[in-house]
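A.B. asks: Mind looking over this structure? Questions follow.
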Amino acid sequence: MASLQSSFTVLSSAPKLRSSRLPGRSHRSQISCSDGGIDRRNMLLGLGGMYGVGSSLGRRAEALPILPPDLSTCDPAGATTTRRVNGVEEVVKLDVNCCPPFTDKQGDYKLPAFTKLRRRQSAHRLSPANLAKYKQAMAKMRELDKTDPADPRGFTQQANIHCAYCNGPYDQVGYPGVDLQVHNSWIFFPFHRWYLYFYERILGELIGDPTFALPYWNWDNPRGMTMPPAFDDSSSPLYDEDRNQDHRPPAVVDLALNSGITDPVQLISNNLALMYKEMVSDVETAIDFMGTEYRAGDDPHAFASGGTSERGSHTGIHAWVGDPRNDLNEDMGNFYSAGRDPIFYCHHSNVDRMWTLWDKIPASYPKKIDDNDYKNSSFMFYDEKKNLVRVKVADCFDTKKMGYEYEYSDTPWINSRPTQKAVPVNLKELSKGLPTADKVFPLKPAKTVKFLVPKPAKGKADEALVLLNIVTDNTKLIKFDVFINDEDDKPGELDRAEYVGAFTQLPHRVKSKESVNNLRLNLREVYENINIADDDAVVITIVPRVNGDAVTIGGIKIIPRRSGK
Ligand code: C2O
């Protein structure tokens, strides 16, 4: 333990090196500013954050990784936030203490040796023997809540980990007042991989089975596009009452979140098209898939954005399972309560599987993020023996080294690119009477709007659509879709060439009431899909799905993707 002690000492003194920086300030913008010579006004408009994406990787020698939280400073009274109830603002406090038990005995985690890989199976195809084990382990975990509520391996303690890392009881070490947040950035996949890793080992430990493996909810395959029936048995420890009752089996998953579609065939087609986009065509850099960079001192509510998978299928399932009977969409529909639904871990098992699958898709860009701040970011967990351990992002890149793998399941989405349009749209006709973007923004999309946006180059080009300064109410579930040159107006059909992408937000209670964000959607393949003519503008349609009135979009722009201008 001696060497551990010294590494912790170094960590706790390191932030002082940056004491001149204002806590809470997003230095994504600051850095981009000095890197790219962007003027202050653009930075304020939010361009700074956008330029930061993918352009400053590896350039910030002085930056620091996200440090593990100091458990002794966890605020048991939880986070506060203001929210609007019937138009009146009020302060809301978390009604749970999601702080873990404290001990000062803590050390760096070393991946242990093992003899057999744990094999994660599809929940829809789980063998009866494995289902029995899973239920037995979950029952034991729930039992700990009663017999020893302070046992960090208990059901509620495990659920609270998610709350503690998402809802503000921790400040970042060295940055008082700056939330520690594991969503909306490149630490999303690594954090959740480690979280499930320990959860799985704890379950195995509780039933004395070192090969126990969590199942995955195979929602990316038509065979898995219902809630796994094992979780819908009210006598099972896998059951949770707080779910959308309309979405119990055999309802087909709507990854698009409130597409308005009920036809199962269209839903499945939508889902596959969305999977193709978020795994393949929307991803042109590792950051696109993993999420924006997030370093010590960064404000997680300013220009932080999850990757395509986090924003897409991941958020879609959370919101689809969450219970609309309560205004916070508990359990799955809200970060602070999501871990209370056993299906969370089965969902995240598939989210983690998506990371392993994306890693293997051949691509023209590097998949590895070679950045020490990323690799050295770290978290604290209790292991299956109740030891408090510190884990590093760099140690979770290979699931086989971590002792588990995924059973194969078909990925039909890999071929689900939308059918190309034979005839380009007639822009002149389509845009008749439509306003230009500058007349429409700032925009509160309470209803569908259509407008014209100029293009920097004519026709097919490697460009991206950027929505700037999207300000959201953190307490609301929010979703809107974006279409391009759409003459059909079938907004529920997302498997069409004209669908560009979406903005989504899960409600979460945090210290600040609002978040601000940019959304960048790659257009290169979309232009090919719509077979764009040699036009110097496009018609964009924004379709609100959920709470369009809880978001304000500052501006819109089409930029050449590579130059970032
Ligand atoms: Cu930590 Cu699915 O969220």
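Note that Cβ sites are derived from N, Cα and C of the backbone, with glycine treated the same way.
Copying in the features that TrEMBL gives for the protein in this structure:
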- His162, His183, His192: Cu cation A binding site (BINDING)
- His314, His318, His348: Cu cation B binding site (BINDING)
- Cys74-Cys99: disulfide bond (DISULFID)
- Cys98-Cys163: disulfide bond (DISULFID)
- 183-200: domain 'Tyrosinase copper-binding' (DOMAIN)
- 341-352: domain 'Tyrosinase copper-binding' (DOMAIN)
- 15-34: region 'Disordered' (REGION)
A.B. asks: Radius 10 Å, atoms counted are CB only; among the disulfide-bonded residues Cys98, Cys99, which position scores highest?
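C.D. replies: Per the Cβ count, the most surrounded site is Cys98.
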A.B. asks: Report, as numbers and ranges, which residues of the same chain sit near the domain 'Tyrosinase copper-binding' (183-200): CB under 8 Å and 6 or more residues beyond its ends.
C.D. replies: 66, 118, 158, 161-162, 165-166, 212-214, 287, 290-294, 298, 300, 304-307, 310, 335, 345, 348-349, 351-352, 355, 369, 374, 377, 379, 381-384, 391, 393, 396, 399, 402, 404, 508
A.B. asks: Cβ distance under 8 Å to His318 (Cu cation B binding site), same chain, sequence separation 6 or more: which residues?
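C.D. replies: Sequence-distant Cβ neighbours: Met332, Gly333, Ala338, His347, Leu506.
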A.B. asks: If you measure from the C-alpha of His162 (Cu cation A binding site), which of the recorded positions Cys74, Cys98, His314, His348 fall inside 10 Å?
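C.D. replies: Those close enough are Cys98.
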A.B. asks: Using the recorded Cu cation A site (His162, His183, His192) as reference, state which further residues of the same chain have their Cβ within 8 Å of the centre of those residues' Cβ atoms, listed in sequence order.
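C.D. replies: Surrounding the site, in chain order, are Tyr165, Cys166, Val182, Phe188, Phe191, Tyr195, Phe335, Ala338, His348.
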A.B. asks: Summarise the domain 'Tyrosinase copper-binding' (183-200) by DSSP state, stating how many residues are helix, strand and coil.
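C.D. replies: Split by secondary structure, the domain 'Tyrosinase copper-binding' (183-200) comes out as 13 helix, 0 strand, 5 coil.
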A.B. asks: Please list residues from the chain of His314 (Cu cation B binding site) whose Cβ is under 8 angstroms from its Cβ, counting only those at least six apart in sequence.
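C.D. replies: Set apart from His314 (Cu cation B binding site) by at least 6 residues yet with Cβ under 8 Å, we have Gly306, His347, Val351.
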A.B. asks: Compare the Cα of His192 (Cu cation A binding site) against each of the recorded positions Cys74, Cys98, Cys99, Cys163, His348 and report the nearest.
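C.D. replies: Sorting the recorded positions by distance from His192 (Cu cation A binding site), the top entry is His348.
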A.B. asks: Of Cys74, His183, His348, which recorded positions come within 10 Å of Cys98 (disulfide bond), going by C-alpha to C-alpha distance?
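C.D. replies: If one measures from the Cα of Cys98 (disulfide bond), the recorded positions that come within 10 Å are Cys74.
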A.B. asks: Measuring Cα to Cα, how far is Cys99 (disulfide bond) from Cys163 (disulfide bond) in Å?
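C.D. replies: Per the Cα atoms, Cys99 (disulfide bond) and Cys163 (disulfide bond) stand 9 Å apart.
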A.B. asks: Report, as a single number, how many Cβ atoms besides its own are within 10 Å of the Cβ of His192 (Cu cation A binding site).
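C.D. replies: Within a 10 Å radius of the Cβ of His192 (Cu cation A binding site) lie 24 other Cβ atoms.
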A.B. asks: Around the Cu cation B site formed by His314, His318, His348, list the extra residues of the same chain whose Cβ is within 8 Å of the site's Cβ centroid.
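C.D. replies: In sequence order, the nearby non-listed residues are His192, Glu310, Ser313, Thr315, Ile317, Ala338, Phe344, His347, Val351.
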A.B. asks: Would you mind listing, in sequence order, the residues at least six apart from Cys74 (disulfide bond) in the same chain with a Cβ closer than 8 Å to its Cβ?
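C.D. replies: Same-chain residues close to Cys74 (disulfide bond) (Cβ under 8 Å, separated by 6 or more) are Cys99, Pro100, Phe102, Ala164, Pro169, Tyr170.
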A.B. asks: If I take every residue in the domain 'Tyrosinase copper-binding' (341-352) and average their pLDDT values, what number comes out?
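C.D. replies: Over the domain 'Tyrosinase copper-binding' (341-352), the predicted model scores a mean pLDDT of 98.
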A.B. asks: Distance check, please: Cα of His348 (Cu cation B binding site) against Cα of Cys163 (disulfide bond), rounded to an integer number of angstrom.
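C.D. replies: Spelling it out, the Cα of His348 (Cu cation B binding site) and the Cα of Cys163 (disulfide bond) are 15 Å apart.
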A.B. asks: Report, in whole Å, the straight Cα-to-Cα distance of Cys163 (disulfide bond) from His183 (Cu cation A binding site).
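C.D. replies: Per the Cα atoms, His183 (Cu cation A binding site) and Cys163 (disulfide bond) stand 12 Å apart.
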